[in-house]
Structure formats: structure tokens, C-alpha cells
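See structure below.
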Amino acid sequence: RKKSMYPSCGRHSHPAVHMSVSKPPPPHSHFAPPPNSSTSHLSIPPSSSTPSSPAPSRAASSAPRSLPPPSPVKISMQEHFAINVCPGPIMPIPQISDFFPRFHDFPMTPPPPREKKILKEPDFGLSNGGETDGENKEKERKPIEEDREERQEGADSDDDDETYLGTLEFTLLFDHENNCLHCTIHKAKGLKAMDSNGLADPYVKLHLLPGASKANKLRTKTLKNTLNPVWSETLMYHGITAIDMTTKTLRLCVCDMDRLGRNEFIGEVRVALKKLSKGESKRFKMGLERITQVCNMNKETVEQGTPVAEEERGRILVSLCYSPEKSCLLVGIVRCAHLAAMDSNGYSDPFVKIVLQPDMGKKSKYKTTVKKKTLNPEFNEEFVYEVPHDQLAKKTLEISVWDYDLGMSNDFIGGVELGINAKGVRLKHWFECLKHIGKKVEYWHTLTQQGAPPEVPPQ
């Protein structure tokens, strides 16, 4: 048999190669040495056709054995998640008042003024050039008194609502011929901020006192995001008589509109109408105030009694004209003002009925159109009664205002009678119509219980 040329390369006869083979390096960890370190391990030689010489095998057998790599340190899951974790500082939770400053009570109480401390330098009578102690005391008292005056002025300015709430400019004009009060709202300046953005959405609301209600409420348009609004808007009150000019007071309120909540009150001004002259326009520039006189207003309404009850029902503007060409009476229903609210929404759906007594059949009864959801309707409707002029003195014109209700009986608001049996302005209106033939005569009349339907007694 032929012997192998390389006896060390037999099937079971190369232990040196087995000793030189090492396990693959463990995965990289913080505790294992880097792969390019000085301690090297032998690896499996690459496969090649050239056999390895016995010299290196002897050198490998004579070299010391390398230590196995250390096993990685085992870490629990809780410790793993706890490494390199920094929660940071705990921030305070923002309050709702930080985003909505309107939750603060208005007006906010200002902080007390700081007192000025006067530093007294030690004076031994040498630095003032021989001044006496009395002069020194007087000099010390002067800054103290000035400081007190400044504090009083600061307190007065804090309590002054004019500088804090803003000012309002407007013009009033009373038209005696047409019984109209023209209110022109010009502008406001320096209003108080009511929204979180430091601005406001202001509008002006007008009422006549006493007896403020939706019937005598007027309102301007709303201007967005401004503290210096310019309206230049004219509002008119109809049916204002000379008596109203001596007893009524006009209240102008500036409010901030809020779509998501309730509108907020900024301030108001009040003007007694007796300050106005007939046909004279007067301009006002007044500071807004916060006035609460609920008790006084209730006393005024109770003291006046019956006139207030009539005023709450409203007024109507009627025109009369007798046409000699057509031999007929022309009755015009122009408008109503300050009607009483009969519906749950605070308004009414008014219409007017006209009857010429004694009854002349269907030709004597007329009715205007219905005006929806208003307390100051404008009709401008005219009706014709064919009546000889000599018989007109025996007639009585009954006018009544009603609130229309669908599917239910209509509600009576108020009425008025014009004729020979009337009194006061009603009688005067009827006589002028008979006297001035062909001339249109207009008068405002206060609605009363005249013409109300008889109450059905309970069964």
C-alpha cells in the first residue's frame, strides 16, 4: 500500500486544526471587546488547492490557548426601559382664565398704589449751610403731601368709569312736526377690551325710560374686532310727543356681541329729552358709566300708574282726509310704534282692523296685512269709505290693533275711537278732518282698551 504523502492530513489525524478553530464572535455588546482588538482568534483557513505546511501547525500547537469571550450581561426589561429616560420638568396645567380673561370680574380691582419711600440722609446741620431744623421739617413735609395728592388722584382715576370704559359720541334731533326723534350714533373711543384677543365686537342699544322694552328698543350694527368703532348710523323713534320730551330719558348702552355666549355690557349713558329744543340738533360726547337703578325705575312705573299701562300697549299713526271730488273719506294706517308684546318670543304679529259705525255692512270693515315679528310695524295702507260729508259728523271710526295667531283666536293689543263723542286729541283730529276738506291730517294716538272684545263669563 502506498502511504499518504501528508500523514497529518488524514481523516482523523489533524487535531491541530481542531484546536485552532474558534467559535464565531458574539454579537457586539457594551461588554464584549471590539473586533479589531489585540487578542486575535484563529479562523478556518480559506479553501484552496494548496495544502497547508506543517510548520504553521506546529507553531499553532505550541501557542497558548485564547480565553473564550465573556458572555453578555443580562438586563431585565424594566432596567432596559429605565436607561436614558428623562421626563423633564413638570409644567403647570394652564387655567381656563388664561385663555378667557372675561371670566374675571369686571371691573377688576386695581392693585393698591405703591408708597414712595423717602430716604432721609443724616444731617447734622452742616450740609445745608446752617439751615434750621424747622426748614428741614418743612421740606420733608412737602414731598409727603405731594405723594398723598398723587395717591388720591390715582384712586380717583381708577374709580372713574369714563377713562376706563370709553366715550360715546352721538347727536339727537327732535322733529316736532313728524313726532320723530332722530338719534345719530357717530363713534366710540377707547372702549374696554372684552374678548381674549384684547378687542371687542361693539354695538349700541337704545331704550326710552321709563318703560324700557323691546317695543322701544333700537340697535346699531355690530363692528368686529375694534375698540374705536365708527358707526355713523341714524336711528329713529316714531310717535314721540311733546309730553314724552318732558318725561322720557334716552338710554344708550354699548355692548359686546358674543356669538357663543351672552352679550356683555360695557357701559351706558343717559340723556333727559327735556334738554333738547324743538328742531335743534345737539351733539353729545359722554363717558360710559355703569348705572344700576332698578329700584328707582320700578318706583317710577308704579307712581305713574295708568299712563304707563297705556304706553305699554303702543301708539298708532292715522291720517284722515275727506275728498270732495269722490265724496269719500280716506283713512290711512301709516304705522304703529311701541306695541305690546303678545307672543312668547317677545314680539307680536300685528294687523289693524277698521270699522266705521254705524255699521254699513261689508263696505265698512277693512283689515291691513299682517306684519310678522315686530313691535313697530309700518303699513302705509289707505282705505276708502263712500260717505256724504253731511253724514260724516254722525259717524264714529273704530280702529283696533290685533296680534295674529295661526289656528287660535287673535289677541287684542289696543284700540282707539275717532268721532264726535271722542275727547282730547281724538276729537281734535276728527274736527280738523271735517273742517279742512281735501287736506290730509295726521295724528298719533295712544292705544287703550277701547274696542276690546267682551270677555266671555266662565260657565
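Just so it is clear, glycine is given a Cβ too, placed from its N, Cα and C backbone atoms.
These features come from TrEMBL:
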- 23-36: compositional bias 'Pro residues' (COMPBIAS)
- 37-65: compositional bias 'Low complexity' (COMPBIAS)
- 113-123: compositional bias 'Basic and acidic residues' (COMPBIAS)
- 134-154: compositional bias 'Basic and acidic residues' (COMPBIAS)
- 164-286: domain 'C2' (DOMAIN)
- 312-445: domain 'C2' (DOMAIN)
- 1-74: region 'Disordered' (REGION)
- 103-162: region 'Disordered' (REGION)
Open item on the list: I'd like to know the mean pLDDT over the domain 'C2' (312-445).
Closed with: 90
Open item on the list: Going by DSSP assignments with H, G and I as helix and E and B as strand, what are the residue counts for the domain 'C2' (312-445)?
Closed with: 23 helix, 60 strand, 51 coil
TODO: Pull the DSSP breakdown for the domain 'C2' (164-286) and write it out as helix, strand, coil residue counts.
DONE: 14 helix, 62 strand, 47 coil
